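Undergrad: My questions will all concern the structure given below.
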Amino acid sequence: MNKILLQCDNLCKRYQEGSVQTDVLHNVSFSVGEGEMMAIVGSSGSGKSTLLHLLGGLDTPTSGDVIFNGQPMSKLSSAAKAELRNQKLGFIYQFHHLLPDFTALENVAMPLLIGKKKPAEINSRALEMLKAVGLEHRANHRPSELSGGERQRVAIARALVNNPWLVLADEPTGNLDARNADSIFQLLGELNRLQGTAFLVVTHDLQLAKRMSRQLEMRDGRLTAELSLMGAE
């Protein structure tokens with residue numbers, strides 16, 4: 001069995017506005033192993049995105065904890081969480097969030113710049129990742145000059161440029177047509193095999209989720225079942 005990379009222990013999240021309390025997550029517990037490909041399946045409003053924010057240290061749980069590589073997130077300072085996100089975690093969103101005035105190469109290089117890598121390393125590594133996603137020939141193009149599928153591939157290259165241990169992906173194919181969505185999931189699987197990166201993908205699409213090695217279902221802020229989607233139609 002692979003070493004546990006990330007573990008959730010009874011995560012709860014409650015928002016309060018005035019006298020109104022809204023419970024978004026209820027005692028969520030699960031783990032992700034090194035190199036694992038996992039999907040969390042649920043409809044809009046089920047709590048999937050809130051969960052990813054907690055896993056990435058972008059928000060704080062009301063109770064419970066997230067443990068990454070044996071280290072509780074609750075014990076980390078804001079600076080330590082930021083360093084963790086830069087070095088060990090990657091993020092992919094439904095919208096690519098590329099910087100419009102920068103080229104594909106410059107967008108991919110951004111996490112390396114933040115991590116204060118050497119200039120020569122920054123350029124070579126960013127170009128290496130663009131090649132890995134099949135876009136080295138588009139390195140000097142801005143996002144407005146790329147197709148939707150190409151923009152998402154650049155976003156994936158950016159998420160993986162620092163060799164993270166785990167990538168958190170929030171509906172990564174939600175804005176793509178079926179052909180491009182299929183291409184993106186094939187790419188994630190290939191990067192998992194080549195680099196050993198673990199992926200945790202939240203999605204509402206069963207056809208896409210079945211490509212992952214493990215699937216959990218979320219309803220109304222609760223993990224309700226482990227699914228078996230092999231051969232799902």
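The chain as shown is numbered from 1 upward.
Any Cβ shown, glycine's included, is placed from N, Cα and C.
If you look up Swiss-Prot, you'll see Gly42, Ser43, Ser44, Gly45, Ser46, Gly47, Lys48, Ser49 marked as ATP binding site, on the strength of sequence analysis. Taken from Swiss-Prot, the feature domain 'ABC transporter' covers 6-233.
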Undergrad: Would you report the average pLDDT that the model assigns to the domain 'ABC transporter' (6-233)?
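TA: Average per-residue pLDDT within the domain 'ABC transporter' (6-233): 85.
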Undergrad: When you measure from the Cβ of Gly42 (ATP binding site), which residues in the chain that are at least 6 apart have a Cβ under 8 Å away?
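TA: For Gly42 (ATP binding site), the qualifying residues are Lys48, Val202, His204, Glu217, Met218, Arg219.
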Undergrad: DSSP on Lys48 (ATP binding site), three-state: which is it?
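TA: Going by the DSSP assignment, Lys48 (ATP binding site) falls within a helical segment, counted as helix.
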Undergrad: So which of the binding-site residues is most packed in, judged by how many other Cβ atoms lie within 10 Å of its Cβ, out of Ser44, Ser46?
TA: Ser46
Undergrad: Quick one: which residues besides Gly42, Ser43, Ser44, Gly45, Ser46, Gly47, Lys48, Ser49 have a Cβ within 8 Å of the ATP site's Cβ centroid, in sequence order?
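TA: My list of surrounding residues reads Val202, His204, Met218.
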Undergrad: Under a criterion of Cβ-Cβ distance under 8 Å and sequence separation of at least 6, what residues of the same chain contact Gly47 (ATP binding site)?
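TA: The list for Gly47 (ATP binding site) reads Lys13, Val24, Leu25, Val28, Met218, Asp220, Gly221, Arg222, given in order along the sequence.
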Undergrad: What is the total of other Cβ atoms whose distance to the Cβ of Ser43 (ATP binding site) is within 10 Å?
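TA: For Ser43 (ATP binding site), the count of other Cβ atoms within 10 Å is 10.
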Undergrad: By the count of other Cβ atoms within 10 Å, pick out the sparsest of the binding-site residues Gly45, Lys48, Ser49.
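TA: Fewest other Cβ atoms within 10 Å, among the binding-site residues Gly45, Lys48, Ser49, is found for Gly45.
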